[in-house]
Amino acid sequence: MEKAIRNFLSQESAGGILLLVAVALAMLMANSPLAGLYQGFLGTEVQVRVGALDLHKPLLLWINDGLMALFFLLIGLEVKRELLEGALSSVAQASLPTFAAIGGMLVPAGIYLLFNYGDPVTQAGWAIPAATDIAFALGIMALLGSRVPVALKVFLLALAIIDDLGVIVIIALFYSTDLSTISLIIASIAIVGLVALNRKGVTALAPYGVLGLVLWVAVLKSGVHATLAGVIIAFCIPLRAKDGSSPSEHLEHSLHPWSTFLILPVFAFANAGVALGNMSLNTLISPVPVGIALGLMLGKPIGVMLFSYAAVKLRLAQLPNGIGWKQIAPVAAMCGIGFTMSMFIASLAFEQADPMYGDLARLGTLIGSILAALIGYFWLSKVLPKQGV
């Protein structure tokens, strides 16, 4: 039994399976007699007081602001590694996934705005279908095992990382609220300290952790979303020490299982519970869920393929060795798996609006992501060579 559990946890697909279980459990509880317990649990006030510092938020916001900051720390570490040493470290390697990611963000956002034209409240959700859930997309691809060429995995990983970088910029520019000058000054001082540690060649993670915590609290209080603190911390942690070791990769490897098996499933459970009982057919086909679902299911693959094809034809990029358009197309469909990232943006976009909009956004995300996952999986399975061929 223990061996079976260890084998499951070692598989790349395990994270995607756990996310599905978390989503299913959240939907079950939100649409059962346990709905009150589910909502009450997420609404539980949690207070942390240290001297004059007093933080009190519902559990849901601790998950979205705290746990997701750790997830974005991991994303930041991955982005930095790929930019300096990995699949994005040269123009030739980065060109195709960069153009693909840009198209995969612009076209879904355009489709969403097309359906929500003229409504300033719902237009705030334009970035929801622009996101890709890197963990879930790679998990779905991993279900096909060794049939998937390494170059195709690298393409999806690079594309998703650039997509994440785009999401980080979007959050910073478009989803920050009224700013606190004092908190921003404290955050700036913490950033200067983190940069100084990096420049001095400090490789111990503890000093980065202390200043990082100060930065997170300051950013949380500043009006800029707290998850951005995780990215800043990641960019300041050294990739290589003088002895050749990598503090950044060590932390990345330590965070990966926590992210896969705790942070993302907990986030999905906390945010995916949509009560369907009070929704009519007209509500289900309203502009918000339709715009998100079509943005993910159609906009993502169209944008990725259109911009990739144009970049190759204009000789701005080239296809990976041994990979053709028939393999790129189903991967483009998989990019429509928005899940946790899209839900996260939805929580920011409609934070001040009627809760109904958040429910509609999550519903659209679930529908679009599940359809994108199914289409991408079966399409890729069809075009890849059979096992042993």
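Placement of Cβ uses the backbone N, Cα and C atoms for every residue, glycine included.
Sequence-distant contacts of the transmembrane segment (17-37) (same chain, six or more residues past either end, CB-CB distance under 8 Å): 133, 135-136, 139, 260-261, 264-266, 268-277, 339-340, 366. According to Swiss-Prot, the feature transmembrane segment maps to 17-37 (among others), an assignment based on sequence analysis.
Taken from Swiss-Prot, the feature transmembrane segment applies to 59-79 (among others).
Long-range Cβ contacts of the transmembrane segment (95-115) within its own chain (Cβ-Cβ under 8 Å, at least 6 residues beyond either end) map to 87-88, 123, 125-130, 132, 155, 158-163, 166, 287-288, 290-292, 294-296, 298-300, 302-308, 310-312, 316-320, 332, 335-336. Under the heading transmembrane segment, Swiss-Prot lists 95-115 (among others), citing sequence analysis as support.
For 124-144 (among others), the entry in Swiss-Prot reads transmembrane segment. Listed as Cβ neighbours of the transmembrane segment (124-144) (distance under 8 Å, sequence separation of 6 or more from its ends, same chain) are residues 11-17, 19, 75, 104-106, 108-109, 111-113, 116, 152-153, 156-157, 159-161, 163-164, 166-167, 170, 174-175, 259-260, 264, 288, 291-292, 294-296, 299-300, 331, 334-342, 344-346, 349-350, 353, 357, 361, 364-365, 368-369, 373, 376-377, 380-381, 384.
According to Swiss-Prot, the feature transmembrane segment maps to 154-174 (among others), an assignment based on sequence analysis.
The transmembrane segment annotation in Swiss-Prot covers 177-197 (among others).
The transmembrane segment annotation in Swiss-Prot covers 213-233 (among others). Long-range contacts of the transmembrane segment (213-233) within its own chain (CB-CB distance under 8 A, at least 6 residues past either end) are made by residues 53, 55, 65-66, 68-76, 79, 168, 171-172, 175-180, 183-184, 186-187, 190-191, 194, 344, 348.
For the transmembrane segment (261-281), same-chain residues at least 6 beyond its ends with a Cβ under 8 Å from one of its own Cβ atoms are 9, 14-15, 18-19, 21-23, 25-27, 29-31, 35, 38-39, 42, 59-60, 63-64, 67-68, 70-71, 135, 339-340, 343-344, 346-347, 359, 362-363, 366. Annotated transmembrane segment per Swiss-Prot: 261-281 (among others), in sequence order.
For 287-307 (among others), the entry in Swiss-Prot reads transmembrane segment.
Residues or ranges marked as transmembrane segment by Swiss-Prot: 328-348 (among others). For the transmembrane segment (328-348), the residues of the chain that approach it from at least six positions outside its boundaries are 19, 23, 64, 68, 100, 104, 108, 125, 127-137, 140-141, 152, 155-156, 159-160, 163-164, 167, 170-171, 175, 225, 227, 264, 267-268, 271-272, 292, 296-301, 304-305, 308, 319, 358, 361-362, 365-366, 368-369, 371-373, 375-377, 379-380, 382-383, judged by C-beta separation under 8 angstroms.
Sequence-distant neighbours of the transmembrane segment (363-383) (same chain, 6+ residues past either end, Cβ-Cβ under 8 Å): 23, 27, 128-129, 133, 136-137, 140-141, 143-144, 147-148, 272, 274, 276, 279, 284, 288-297, 300-301, 326-327, 329-331, 333-339, 342-343, 346. Per Swiss-Prot, transmembrane segment is recorded for 363-383 (among others).
Counting residues 6+ beyond its ends, the transmembrane segment (154-174) has Cβ neighbours under 8 Å at 72, 75-76, 78-79, 82, 86-88, 93-94, 96-98, 100-102, 104-105, 127, 130-132, 134, 137-138, 141, 224-225, 227-228, 231, 304, 320, 323, 328, 331, 334-335, 341, 345, 348 in the same chain. Beyond its flanks by at least six residues, the transmembrane segment (59-79) meets 41-46, 134, 161, 164-165, 168, 212, 216, 220, 225-235, 237, 248-249, 251-252, 255-256, 258-259, 262-264, 266-267, 270-271, 344, 347 of its own chain at Cβ-Cβ distances under 8 Å.
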